[in-house]
Each structure stands twice: as C-alpha cells, then as structure tokens.
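Asks: Marked as region 'Disordered' by TrEMBL: 1-76, 120-152. The compositional bias 'Low complexity' annotation in TrEMBL covers 1-20, 28-63, 130-152. Summarising the annotation, TrEMBL assigns domain 'CDC20/Fizzy WD40' to 201-490. Annotation comment: TrEMBL describes 246-287, 329-370, 459-492 as repeat 'WD'.
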Amino acid sequence: MDSSSASPAAAASSPAFAFSSPPPVENPRSPFSKPRPPSSISRPSYLVETPSRPRAPSSSSSRTIYSDRFIPSRSGSNFSLFDLSLPPSASSSSSSDAGREDGSGAYAALLRAVLFGPDQGVAPPATPDRSSAAVAGRSPSSSSSTSSSVAFSTPSRNIFRYKAEVPRYSLAEQFEDELPGFSHIHPRAPRKVPRSPYKVLDAPALQDDFYLNLVDWSSHNVLAVGLGNCVYLWNACSSKVTKLCDLGVDDSVCSVGWAQRGNHLAVGTNQGKVQIWDASRCRRIRTMESHRLRVGALAWSSSLLSSGSRDKIILQRDIRAQEDFVSKLTGHKSEVCGLKWSHDNRELASGGNDNRLFVWNQHSTQPVLKYSEHTAAVKAIAWSPHVHGLLASGGGTADRCIRFWNTVTNSHLSCIDTGSQVCNLVWSKNVNELVSTHGYSQNQIIVWRYPTMSKLATLTGHTYRVLYLAISPDGQTIVTGAGDETLRFWNVFPSPKSQLRYSKP
C-alpha cells in the first residue's frame with residue numbers, strides 16, 4: 001500500500017531498537033552482597049528467614065518476622081562442580097573471605113565474570129551498612145532515602161546483544177523440503193515497490209498513438225522497439241543496441257511481436273504487411289500481405305501468428321505454410337488494436353475500437369464469446385497465468401475501467417474504475433498481481449493485488465500517455481514507453497524464489 005501505519009516523523013524521532021536507561025532504584029540491596037556480622041547495637045528486628053535454616057525463637061522482646069522475600073543460603077554451595085574458573089580479582093576476594101560463614105562473595109564474583117566478562121572493571125552495587133545506619137540512629141527502613149543516592153557502575157558494553165552470527169530457523173523451514181504436502185501460513189509482509197525507474201533510455205520518434213504496439217520483450221532477454229520506420233534491438237544483458245531493419249521513407253512500424261520461443265520477430269507495417277525476421281542473424285525470412293490497412297496488433301501461438309488490422313480483420317498465419325494466411329476472423333466493426341493468446345494457446349482474445357472484447361478458439365472464424373460492457377476502445381488485454389480462463393481487459397478514455405471475465409463459465413467477474421485511460425495490462429507470473437499503464441489524464445502506472453484489486457504502488461514519471469508495456473522473461477521487471485520518447489525500466493514484481501514470502505489474499 002502507499003500509506004503506512006506509522007508516520008515518518010514518529011519513526012525518525014526514536015530508533016527502532018534502543019536500550020532504555022535503568023529506572024531509579026529505591027532500595028539498592030543486592031541479594032548477592034556479602035552478609036554483615038550482627039551488630040551489638042539494639043535496633044528493631046528486621047530479619048529474613050530462609051526455610052533451609054530455621055532459627056530458634058528469640059526472646060520475648062523480639063519476635064521473628066517472616067517475609068515473602070526468599071534469600072537463599074549458599075553456605076553449602078560447591079562452585080567447583082560447575083567447572084568455573086575464577087578471575088584473579090575473584091580469587092583474591094574469595095581467599096579473603098575464607099573465614100566467612102558462606103560463599104556469597106565468590107558467587108558474586110562469578111556472577112560478574114559471567115555477565116560482564118573478566119576484568120571489565122564492573123563494581124557491584126553498593127550495599128548500605130546496617131551497622132553504620134544504626135550507629136547514626138537510623139533504622140534500616142529509614143536508610144532507604146540515603147541508599148537511593150548510591151551510584152551504580154554501568155557496564156562498558158551492552159549486556160543483551162543481538163548476535164547476527166547466530167542463525168534463527170523456524171520449524172516450518174526445516175521441514176518444507178521433507179514434507180511436500182506441508183501447508184505454510186506466512187504472515188503477509190508489506191512489499192515495497194521502488195517508486196523510481198532504475199533505468200531510463202531515450203527513444204526518439206516513439207509514436208504517441210494509442211492503437212499501436214511498438215515494444216516487446218523476448219524470452220532471450222532482448223527488447224524490440226519500433227521507432228519511426230526502423231526497428232531496434234536492445235540486449236538487456238549487454239546493453240548492446242542493434243538496428244534490425246529500416247522500412248524506408250514510404251512505410252513505418254506499427255507493431256512488433258516476439259515468437260514465444262526462438263529469435264523470430266514479427267513486424268507489422270503501416271502498409272498492411274507483416275515481416276518475419278531472424279533477429280540472431282538480422283535477416284528477413286519472409287513478407288506476408290493480405291491486410292489492406294495498417295497492422296497494429298500481433299500475437300504468437302507456437303508457429304501460428306495472428307495479426308489485427310485497421311481493416312477490422314484478424315488473419316491467422318502459419319509461418320510454415322506457403323500461403324499468407326490460413327484463416328480469417330471477422331466480427332469487429334472497427335480497428336483491431338489488442339490481441340492476446342491464452343497461456344495454453346487454446347483461446348485468442350481480441351479488442352477493438354468498436355468497444356468490443358471477443359474470444360475465439362483455435363478453429364473458429366466467428367467469436368465464441370462476445371463482451372460489450374466497455375464503453376471505449378479495448379486495447380489492454382491480459383490472460384492470467386494462475387487461473388485458467390481468467391481474462392482482464394481495459395477500456396479507453398471514456399471507459400477507464402478494468403474488467404475481469406471467466407471465459408470457462410462465460411461470466412463477468414468484477415469491474416474497477418481506474419480514473420484514467422487504460423492502455424496496457426500484464427499479469428505477473430510470480431505472484432497473483434498485475435500492472436496497468438494509463439493515459440489521460442494521469443499517465444500513471446499501477447501495481448494491483450488480485451482479486452482484492454488493492455493498489456500496491458502508483459508509479460509516475462512519464463509526461464505523456466504510457467502507451468507501451470512489456471515484461472522481462474524473469475517476470476520481475478517491466479518496461480514502459482510513452483510519447484515523451486523515453487523507455488523506463490521498473491522493478492515491480494518479486495522473484496520466483498521470494499513469492500512464498502507474500503501470502504495470497
């Protein structure tokens with residue numbers, strides 16, 4: 001989401017992990033301090049008895065008071081059993097206390113050594129002397145105000161530290177490979193989408209025409225762009241630019257489309273021709289005609305190439321056959337501007353300037369499904385790679401809506417008003433999300449989570465309509481093109497390895 005739950009000012013005012021200062025100690029009496037010998041001066045009885053060593057009742061003048069505070073007696077403790085070596089300071093202090101009744105001095109030294117390390121210069125909290133308090137005429141309870149001012153020595157390092165070298169694993173991660181049927185429930189972590197493109201390329205003469213399709217990304221990571229009457233190839237791995245063809249001053253490029261596998265690129269021209277090029281050799285294989293007007297839409301299905309034209313016709317071409325086309329699809333009443341084959345190559349979706357969305361099968365010459373809910377030209381078409389028969393379509397300036405269809409049940413699923421002209425749609429193959437590009441009036445790019453259609457990010461930067469869109473072969477990066485003659489590259493989708501981090505809605 002664009003908004004976050006905490007304001008940036010609040011986050012900046014305090015660090016994420018901070019050690020708070022210790023609270024003031026009202027009565028700094030350490031349970032590990034050395035016991036004081038009994039004083040001969042009379043004072044009110046304030047004794048704490050240990051259950052392990054019961055004491056005989058005192059005289060009638062003093063009565064034993066039992067408290068809920070338990071202070072253990074360690075007179076019988078043998079610390080050699082724990083294989084703890086005393087630091088020099090602890091050894092000297094323990095030898096001086098050999099005549100004492102118990103070994104609490106050695107215990108305190110050992111505790112300091114374990115917590116703070118040897119020779120850290122850490123002094124134990126000072127314990128008020130009851131004898132001195134009694135000589136001064138004060139009771140132990142009245143000395144609390146004086147003892148509160150006793151200074152504590154602070155350790156020179158943090159006691160509780162995060163150790164980055166200690167890995168932490170969950171039980172589910174340990175068994176996810178051993179148990180194929182194990183179902184993970186991951187808490188949804190908000191994924192941050194970078195708001196700026198990581199690369200911007202100049203694309204001079206990139207046309208500002210809604211009905212053209214001039215950008216496509218191949219499975220071999222090569223970007224094809226139609227600029228004026230030329231087609232250029234940009235290798236995303238080496239950033240090498242190659243001029244593939246020049247149609248001359250009498251013609252111009254209206255569409256480009258890569259074959260699903262291999263290096264074959266189809267080029268639709270303004271004169272109604274379709275050229276097939278071998279991009280690896282920069283050599284034209286063949287030229288096919290039969291369209292009377294410009295070819296603005298191309299879609300591959302294995303060796304079958306579909307071309308949509310301004311003459312309202314869709315031609316199915318088998319590049320292995322000698323004929324220019326093997327079938328003709330009729331039904332649109334205006335220019336065909338959108339074509340997409342489903343991922344199983346069984347259905348072809350077409351959109352036109354007649355505001356119609358049609359679905360064809362492999363052998364039909366008439367549409368098997370017709371949708372007329374859009375109120376503007378339908379150029380943006382995308383099939384879901386996650387759900388069979390799920391189709392998304394977007395309308396132009398007068399429509400501004402993205403609609404979802406189930407072609408299996410022939411039903412309209414949902415509709416969302418985006419607020420601006422929908423130019424392109426593409427699904428992520430790694431997560432159940434899609435991205436849309438827009439024209440009038442906001443020229444934005446939106447990343448959506450399906451099926452809630454909540455916005456993950458809104459990207460801006462183009463100053464003209466974002467008319468062209470293609471996705472990288474790894475499914476993480478998109479490239480957008482606009483009439484401002486720039487190509488912008490955005491990282492919008494996660495990698496396939498990280499898709500389990502983001503739970504589906």
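The backbone N, Cα and C atoms fix where each Cβ goes, glycine too.
Neighbours and distances for these, please.
Replies: Residues 207, 212-220, 222, 224-231, 233, 293-302, 305, 307, 309, 311, 317, 319 of the same chain sit 6 or more residues outside the repeat 'WD' (246-287) yet have a Cβ under 8 Å from a Cβ within it.
Mean predicted confidence for the repeat 'WD' (329-370): the pLDDT average there is 96.
Taking Cβ pairs closer than 8 Å, the repeat 'WD' (459-492) reaches residues 193-210, 212-221, 223, 225, 236, 421, 423-426, 428-430, 435, 437-440, 442-447 in its own chain, all 6 or more past its ends.
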